[in-house]
Amino acid sequence: MVAACRSVAGLLPRRRRCFPARAPLLRVALCLLCWTPAAVRAVPELGLWLETVNDKSGPLIFRKTMFNSTDIKLSVKSFHCSGPVKFTIVWHLKYHTCHNEHSNLEELFQKHKLSVDEDFCHYLKNDNCWTTKNENLDCNSDSQVFPSLNNKELINIRNVSNQERSMDVVARTQKDGFHIFIVSIKTENTDASWNLNVSLSMIGPHGYISASDWPLMIFYMVMCIVYILYGILWLTWSACYWKDILRIQFWIAAVIFLGMLEKAVFYSEYQNISNTGLSTQGLLIFAELISAIKRTLARLLVIIVSLGYGIVKPRLGTVMHRVIGLGLLYLIFAAVEGVMRVIGGSNHLAVVLDDIILAVIDSIFVWFIFISLAQTMKTLRLRKNTVKFSLYRHFKNTLIFAVLASIVFMGWTTKTFRIAKCQSDWMERWVDDAFWSFLFSLILIVIMFLWRPSANNQRYAFMPLIDDSDDEIEEFMVTSENLTEGIKLRASKSVSNGTAKPATSENFDEDLKWVEENIPSSFTDVALPVLVDSDEEIMTRSEMAEKMFSSEKIM
């Protein structure tokens, strides 16, 4: 990662300074971007599972963050038994404070360090652990319905009206927080062949959604409303001043639309999980792709604003190719990272590698943004364009605030969720996903107000006569040099015998008249010094000076 950060300079345009003056925040931000893992949006937790268990299967292990008084329902939907079999089904509900505690249970079962007959509550230290057992459950080939599973203690504390609805409830949580639910199925006849299709559901006060995902669902709903308000506000401004809309304002409209679409799709996915308990993988992948496009376009928007596109420069030239290439690179890796996280989980190797690459690309974005912004502000200061300079000064202050907020937040998340031995702050986990969307929404509203359509919109537009770009200045110089060469040839005329005719005052007047008629006034300032420096003109000037000096003596 360090080598990747050091190689960033080779990918950018050459400058005398790699960083703008007085930019310690940029160095700190780049270091944190290289060393801190990228923020990973967690896949929402399910609320309904359908599992197949046979005579060779081990215990079923389920993990979820649940509210207090969440009902856990367990039932056998279908079964197949080759002969008469008596089942003993035992389930254990364990509450634990640390989210990363007991994360290796599946590995222990695979290595046979834990057996099916193990007392899991004893292994899990018995604290906040409840065990329930249903014995002598008959199953044979003639059975039509598998015996229902229940917890007598829970049935006794329910009233009669809710008793029928609660027959499948096998456990109920006593606290808000992380829980592990383990189901162990044993038979007396170990040689019997059998197959069970088990259904498990966890329904809390807000439906199937987990306690850690419920605040995130509310956040996406609020942000969707916020982006709708952004869109209405921007459309209103654009409709009032549609004749003066700048090119940069179309980019802002596209970012607002994609942000609204992204939040709407994520909210619908979380709402679907809350209602059904199941996640629609296709909808989740679509949401991740929309998010990747929106994040890419948002970064490109900040870069082209920093470069002064449409404000200081009419076009970006070859720099635009680098910006688009960097954006496409980010889009590809962001899309792959999102899809692989949905399919393979957050710990998949491809996800980890993509996170590292995205961190490096983000550091390049930060580098590019600050260098371009410093160059744009320097140009505006030299041109003494106070209106545009004030605009970019406010934008710079917004980016500095975003960098400071990112540094503080990355330090907090690293301490709380990544290096902590006991990850107990489950109520704040949604902030790890929501912060970056909220921070960009603040940057976007600042950009909207700074570049909003208005009656004075053209104050911020590029003016060819005032805001000439560097490329046009170079083209002007080349054209001027070509013109002066022609003027030098015009200064000495040949006669028929091949000898040069010396310049006289009449020739000088003719040359001056030709210059005034054929060369624009903006070019004479560059062309005239070359004309004056010719030998003939030096002689003419000296003769005129002598005449004027002699006339003064006579007077």
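Glycine too: its Cβ is placed from the backbone N, Cα and C atoms.
Membrane topology per Swiss-Prot: HIS80 and ILE290 share a side, carrying the same topological domain name. According to Swiss-Prot, of the candidate residues ASN272, ASN482, the site noted as N-linked glycosylation site is ASN272. ASN68 is the residue among ASN68, ASN159 that Swiss-Prot describes as N-linked glycosylation site. Of the candidates SER390, SER424, SER534, Swiss-Prot records phosphoserine for SER534; the remaining residues carry no such annotation there, which does not rule it out for them.
Comparing SER274, SER494, SER505 with the features listed in Swiss-Prot, the residue bearing the annotation phosphoserine is SER494. In terms of DSSP helix, strand and coil, the topological domain 'Cytoplasmic' (372-396) has 23 helix, 0 strand, 2 coil. With a cut-off of 8 Å between Cβ atoms, the residues of this chain six or more beyond the transmembrane segment (248-268) that come close are 217, 220-221, 223-224, 227-228, 230-231, 234, 238, 283, 286-287, 290-291, 293-294, 297-298, 300-301, 304-305, 309-311, 437, 440-441, 444, 447-448, 451, 453.
If you count neighbouring Cβ atoms within 10 Å for each of the glycosylation sites ASN68, ASN197, ASN272, the highest count belongs to ASN272. Across the fold, the C-alpha of ASN68 (N-linked glycosylation site) and the C-alpha of ASN272 (N-linked glycosylation site) stand 22 Å from each other. Remote same-chain partners of the transmembrane segment (430-450), defined as residues 6 or more beyond its termini with a Cβ less than 8 Å from a stretch Cβ, comprise 39, 41-42, 212-213, 215-216, 219, 223, 226-227, 230, 233-234, 252, 255-256, 259, 263, 298, 301-302, 305, 391, 394-395, 398-399, 402, 405-406, 409, 413, 417. DSSP assigns ASN272 (N-linked glycosylation site) to a helical segment in the three-state reduction.
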